[in-house]
Amino acid sequence: MRHLISMRDIGRDDILRILEESEKMEAVLNEKGHSDILNGKILATLFYEPSTRTRLSFETAMKRLGGNVIGFTDISNTSVTKGESLTDTIKVISGYSDLIVIRHPSEGAARLSSEVSGVPVINAGDGSNQHPTQTLLDLYTIKREVGKIDGLKIAFIGDLKYGRTVHSLCQALSLFKNVELRLISPDELKIPREVLEYIDGKVLLSETSEINIEDVDVVYMTRIQKERFIDLNEYQKVKGTYRLLKEHVLEKNLIIMHPLPRVDEIDSKVDSLNQAKYFKQSFYGVPVRMAILSLLSKDLQK
């Protein structure tokens, strides 16, 4: 594995390898809190869009592995404001670092970066396209909290059009056996046709605008992504469409996930339930990203 750009670039065996390595990294965190396997290595974090969990968990992961971090979170303080192209930026920064993590508003930006970079590139989100490291921590959460991935029924609820975490996770789940996906969204925010075409025939699919979480194993909530709407009047039409309440899940044998940040789609009273796993899901981002950084570094040396 040279880069991590899209879930379409890796297979089931690659995923299982990363999940296995993530278990080892979680054990390292629980036992010692740190490792030195990336001692002397430098991670560059290039965030052209805001981030809290992804950026900080990558920085934490790198430092837990003994490495160092450079980067930016505000492009107004970079040469981007002077007109420097993305490819020039990547060529320069790949000379300063051993690994690059990039988040960018444009679909395809991470792929373009990987084509000119001298070091491995990790996609931390490119527009509404892909978010592969979130997908891997989502899969790790499912495996850790449910015990398996094959044979599960998973309901995705909310913004399935702009939700890159949904696109990546649906594509990854299509690699597993007997998975059923229930896609619940307003008509205006249905999952893109090209994602449906990719997973069609590989999973059992149903689409609806009504919440139905009977007999599902996993509820994956998402926020309506206001920042992706060109017309805010369109956002107002779908804002607050779905809201998961305590009484909806109290007696159900399922887990609730959310890539965060949350707005109002999960009531805060749900947080205390055993079914609520979204904060644990966020924690799992550290061992999973430790695993990704470690494996990319190892594969580069082969």
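Backbone N, Cα and C define each Cβ position, glycine as well.
Taking a C-beta cut-off of under 8 Å and a sequence gap of six or more, LEU260 (carbamoyl phosphate binding site) has these contacts in its own chain: ARG53, TYR278, GLN281, SER282. For ARG53, THR54, ARG103, HIS131, GLN134, LEU260, PRO261, the entry in Swiss-Prot reads carbamoyl phosphate binding site.
Other Cβ atoms within 10 Å of the Cβ of LYS82 (L-aspartate binding site) number 6 in total over all chains. Marked as L-aspartate binding site by Swiss-Prot: LYS82, ARG164, ARG223.
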Next on the checklist: With every protein chain in view, what's the tally of Cβ atoms within 10 Å of the Cβ of ARG164 (L-aspartate binding site), excluding that atom itself?
Outcome noted: 23
Next on the checklist: Quick check: of the binding-site residues listed here (LYS82, ARG164, ARG223), which one has the Cα closest to that of GLN134 (carbamoyl phosphate binding site)?
Outcome noted: ARG164
Checklist entry - Nearest to ARG103 (carbamoyl phosphate binding site) by Cα distance: which of the binding-site residues LYS82, ARG164, ARG223 is it? => result ARG164
Checklist entry - Whose Cβ, among the binding-site residues ARG103, HIS131, has more other Cβ atoms within 10 Å than any of the rest? => result HIS131
Checklist outcome for this item: In whole Å, the longest Cα-Cα distance within the recorded carbamoyl phosphate binders ARG53, THR54, ARG103, HIS131, GLN134, LEU260, PRO261 is 16
